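Note sheet for the following structure.
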Amino acid sequence: MATDMSQGELIHPKALPLIVGAQLIHADKLGEKAEDTTMPIRRAVNSTRETPPKSKLAEGEEEKPEPDGSSEESISTVEEQENETPPATSSEAEQPKGEPESGEKEENNNKSAEEPKKDEKDQSKEKEKKVKKTIPAWATLSASQLARAQRQTPMASSPRPKMDAILTEAIKACFQKTGASVVAIRKYIIHKYPSLGLERRGYLLKQALKRELNRGVIRQVKGKGASGSFVVVQKSKPPQKSKNRKKGSALDPEPQVKLEDVLPLAFTRLCEPKEASYSLIRKYVSQYYPKLRVDIRPQLLKNALQRAVERGQLEQITGKGASGTFQLKKSGEKPLLGGSLMEYAILSAIAAMNEPKTCSTTALKKYVLENHPGANSNYQMHLLKKTLQKCEKNGWLEQISGKGFSGTFQLSFPYYPSPGVLFPKKESGGSDDEDEDDDDDESSEDSEDEEPPPKRSLQKKTPAKSQGKTASMKQRGSKPARKVPAAQRGKVRPLPKKAPPKAKTPARKARPSPSVIKKPSGSSSRKPIASARKEAKLPGKGKSAMKKSFKTKK
């Protein structure tokens, strides 16, 4: 037992229950058939792994029923050695089981580490695919800014036309008297569109030829199938008329404006607060209002800005004097600044040059429904949502806050509209005022031009007045002759009696007299009234001539 204890101390602690079981078995063998009483104890103490050595020991007992003391010790040592081996085997069995588990864990860890990497790569690829930014047509960029933007934003390559359009283009280019041959068409497409790879993919040309033949766009002059010569069919007149009718019917209603073109102007008008620096205001005013001559006389602009700040129409956020940043003040929706041309120029400059231009979706919805209602408001809102998504994909807009069709958006490129685009009503009103001023000026000029002609008419009328006076005097002279009272008829009668016989000869002599001819020369002798007056004058002048002749004779 001492040897057993000494050996037990050196044995692994897992082997202790096995040793205790072996000792109990040895005690049972020495007793007289005590197996019935000890069996439940053995079963309770021994584990399932100890069952195989029990069977071996039972066989050994049958072979050697009467062992000696030395043999007992040897048996105990052998049993101990045999019992020592199973835990080693069990530990060895446990190790290989644990190894694959650890390997599986490492593989799982590696897989889990690889999965996020793949997800990140997929996300980056998706972003690269989505973000194909282009520069919009409404962006106002200088040459240097445009070059910089083209470097930063990978421009999407212009897509080539479809195969059907390429085929018709090739047939027209290679057309001859007998049409365009398939060989010439193939060479043309390979030379002009190498990206198609028609050398390897000849079926593309065959399919396109078949499609166009079925549609009636082209006609086969020679050959059959995908060989021979082809000609583009000219469009007949009836379909053109139908197209024109369709176009006319389409033009009857007002053409709808695309919301893509409306958005930048909407952002410019709805962005609040509106502010701009002095340099940007000066640049805008000098560009769109050259009459003010701000480049030559910058003091006018500075004085106008300072005056607007003093009146409370503008608020100076940064800087002092005429330098810094200025912000528009409003009463409700109308700005306080306005009136003179300089103030209107400053107002339009601050509204246009305000950066960055941001706007909320609620304000956008209200603006679109008021200015571009369309046939159906719900459909218009759907279009607005789609346009916002499209502009965001193209890189024209950025969503600052919110998700989807809510939040705030911002223009990615600068947009500086002209005053006519920004305030069309005011511009038209200003142009009307200018037209009125021009009309007034023209009318005043015309009146000034018309003033001298009245003077000329007066100058021309003066002789007419003199003629009228002479005529009236003559008429007065003639009238009393006609209306002479009966008492004076006896005195006046002898003069006309003597005058007619003597007036014939002096009348002939008096006609060539220059005094008589020169006087009527200034007046208009064409009028019959003047001729009648001259006839009335002649007898009176004849009398005076007769008197002079009588005096000379005497």
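Placement of Cβ uses the backbone N, Cα and C atoms for every residue, glycine included.
Listed in Swiss-Prot:
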- 60-71: compositional bias 'Acidic residues' (COMPBIAS)
- 72-93: compositional bias 'Polar residues' (COMPBIAS)
- 142-156: compositional bias 'Polar residues' (COMPBIAS)
- 238-248: compositional bias 'Basic residues' (COMPBIAS)
- 430-451: compositional bias 'Acidic residues' (COMPBIAS)
- 464-475: compositional bias 'Polar residues' (COMPBIAS)
- 490-511: compositional bias 'Basic residues' (COMPBIAS)
- 544-554: compositional bias 'Basic residues' (COMPBIAS)
- LYS64: SUMO2 cross-link (CROSSLNK)
- LYS97: SUMO2 cross-link (CROSSLNK)
- LYS258: SUMO2 cross-link (CROSSLNK)
- 255-330: domain 'H15 2' (DOMAIN)
- ALA2: N-acetylalanine (MOD_RES)
- SER6: phosphoserine (MOD_RES)
- THR51: phosphothreonine (MOD_RES)
- THR85: phosphothreonine (MOD_RES)
- SER144: phosphoserine (MOD_RES)
- SER157: phosphoserine (MOD_RES)
- SER158: phosphoserine (MOD_RES)
- LYS192: N6-acetyllysine (MOD_RES)
- SER249: phosphoserine (MOD_RES)
- SER443: phosphoserine (MOD_RES)
- SER444: phosphoserine (MOD_RES)
- SER447: phosphoserine (MOD_RES)
- 30-136: region 'Disordered' (REGION)
- 142-161: region 'Disordered' (REGION)
- 229-254: region 'Disordered' (REGION)
- 420-554: region 'Disordered' (REGION)
Cα separation, LYS192 (N6-acetyllysine) to SER144 (phosphoserine) (Å, whole number): 33
Sequence-distant neighbours of LYS258 (SUMO2 cross-link) in its chain (C-beta under 8 A, six or more apart): THR387
Conformational class of LYS258 (SUMO2 cross-link) under the three-state DSSP mapping: coil
Number of other Cβ atoms within 10 Å of the Cβ of SER144 (phosphoserine) across all protein chains: 8
Residues that sit under 8 angstroms from the residue listed as 'N6-acetyllysine' by C-beta distance, when 6+ apart in the chain: ALA170
Rounded mean pLDDT for the residues that make up the domain 'H15 2' (255-330): 89
